[in-house]
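Here the structure is laid out as structure tokens; the discussion comes afterwards.
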Amino acid sequence: MADLKLTGVGKTYGGTVEVLKDINLDIATGELIVFVGPSGCGKSTLLRMIAGLEKITTGTLEIDGMVVNDVPPAQRGIAMVFQSYALYPHMTVRENMSFALKIARKPQAEIDAAVMRAAKMLQLEPYLDRLPKALSGGQRQRVAIGRAIVRDPKVYLFDEPLSNLDAALRVATRIEIAQLKESMPNSTMIYVTHDQVEAMTLASRIVVLADKGIAQVGPPLELYERPRNEFVARFIGSPAMNLLPGEIIGTGEKTTVRIAGGGLAVSAVPTRAADKGLKVNVGIRPEDFVITEAEDHVYDGEVEFVEALGEVTVLYFRPEPGRDAVLAKLPGVHADLRGRRVRLAADPARVHLFHGGESLLWRD
Amino acid sequence: MHPALQGLITIIIGVGGCVGYFWLSNLVLDKVLFPPRGPNAGRNINRANMIRPWLFLFPALAALGLYLAYPVFETLRLSMIERDGVEEHWVWFANYARMAAEPKFIEALRNNFLWLLVVPAASTAFGLLAAQLTDRLRWGNLAKSLIFMPMAISFVGAAVIWKLVYDYRPIDQEQIGVLNAIVVALGGEPQTWLQIPFWNNFFLMVVLIWIQTGFAMVILSAALRGIPEETVEAAIVDGANPFQIFFKIKVPQIRGTIVVVWTTITLVVLKIFDIVFAMTNGQWGTQVLANYMFDKLFRANDWGVGSASAMVIMVLVTPILVWNVVNARREMK
């Protein structure tokens, strides 16, 4: 029930160590925003600054149009779900969930009603009088979420809430969070994760953080299909996008690039005549490669290693010295390709071009 | 012989004797008593393994038996007999009855209870306070070292220090006791602190509190650091103020440690002797059980009543000791 606005937000530790700078972000009511990025990129710090657990060094944070830089966490209308759940170990589930309301001196009837409502939503009713240590990991996480729901916050903050759960439970809890979001369409949620599957499946928009700033903001599929830069291109999607160095030899509606290894790539990204001769990196996702017998090919190499997963087969090509190995992900089973020379081609619509790390598609 | 050489030889004989005992006894067990060969090799190995732990425990058990268990029973026996010159005859509980009728014993019992109520509570509370307040300070470690330092002083040494603090000189002389110097500087009259009835007990207790606060602080500080930071942050987000965080989030999470610290100090308090002995020797209404026992045993040569009072101290200490061990074991899990 609130929108957030971050303007020029930065964080510096001890006056010298800058971890975030000039973050500008508008978050609308009802969005589920996911912060992703490699470890150490400051995504948790940004979340903690929104929560009020870290001071904002520069810039302003507005919640519902009010600057809250110096407002204590409890009065910002936020609730946070921590990675380690952070349940109070000496309190029962009921006491854990009612703690915030007790502190706020709400009437007991109102507290009971709020706890029961949250417990019902999260199927926690049978466990209300248990201590956290008597709960499973998934149940603890639900209590942590319940503790947030009880407070009826304007903004929910999730700090890697699933990373302490095992793989099966993670999938189940991820779906529960998605359903929870659907049942509370007006609540704003900010979710930090390093798991891009969580980001892709939950987010209405993803914020990719890298190098102290925002690398790109957009809906999940836009980040996948139209990455702004090489970092986002390689960060979203697994295995990471292949980058092949080359030179533009043909411009226009479609661009032709001569790849350093000898292949020829055609991209649907339009270029200007002046771009002829420009050194670029051609980006092609492993899953966008197809095997071809034709003369026209993007890449040609010897398959060094094959990972057969059944539904897909990942080919690892023998890398040229000093380059990353090229990967191709083909549907179905191709177990017999190991050690053979294979030619790869790709649909021009799925061939990305980067110059100086930035995508030519997003060039003005 | 040079004393250093003497010491060295003693150490070599002592350590060598221990190593020799374990090595040789183990050797005898394996090679002579139950050799792992012949028709009964398997049975012999099992038997040797059953005996081995007892073999290794024997020195400790023997020493404890000789110096701990035997004296307990001997004291119990002594508390029930009377010596008539060299003759001993059983009087059963007559010594206890005599002791119970003595006002000094009742005073000692009352004072021990006072100590029990005040010292563990005050030491734990101050220790907890010091641990919490110094936790986030840059010079916190320095402050902690200062508070911990009295732990390194013996009780008698501390008693001497505090005897000087409480020292009294007539009003026309220079006060060398810090407390009286302050009182006089503020315009008051110097007091004979250790002779003010009833309150002098508390002046003695201050010494032990001064010593034990450091102990409580160190243990509780470690416990406070062990509290997950995220639970504190969750409480901040939940709107708790610093007092609520301390009393409702932090203290309950270290309750077990607080109990262990409390009971450990309680054990020290029940056995308190040195401070009272060195500062007042139980005069002016400050008698405590251990000092009473010492008086009876070694000054009055009344073995019967002295042993009876020793038994009283043991009976008081034992349940708290058991509780302390149970709690400490639970904490370690």
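Placed from the backbone N, Cα and C atoms, the Cβ positions cover glycine too.
Because the structure is a prediction, the values reported are computed rather than measured.
According to TrEMBL, the protein carries these features:
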- B:109-324: domain 'ABC transmembrane type-1' (DOMAIN)
- B:6-29: transmembrane segment (TRANSMEM)
- B:50-70: transmembrane segment (TRANSMEM)
- B:113-134: transmembrane segment (TRANSMEM)
- B:146-165: transmembrane segment (TRANSMEM)
- B:202-224: transmembrane segment (TRANSMEM)
- B:258-279: transmembrane segment (TRANSMEM)
- B:303-326: transmembrane segment (TRANSMEM)
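Take the transmembrane segment (B:146-165) and the stretches B:6-29, B:113-134, B:202-224, B:258-279, B:303-326: counting Cβ pairs under 8 Å, B:202-224 has the most. By number of Cβ pairs under 8 Å, the transmembrane segment (B:113-134) is matched best by B:258-279 from the list B:50-70, B:258-279, B:303-326. Same-chain neighbours of the transmembrane segment (B:258-279): 112, 115-116, 119-121, 123-124, 127-128, 154-156, 158-160, 162-163, 166, 194, 204, 207-208, 212, 215-216, 219-220, 223, 251, 286-291, 294, 313, 316-317, 320-321, 323-324, 327-328, 331, counting only residues six or more beyond its ends whose CB sits under 8 Å from a CB of the stretch.
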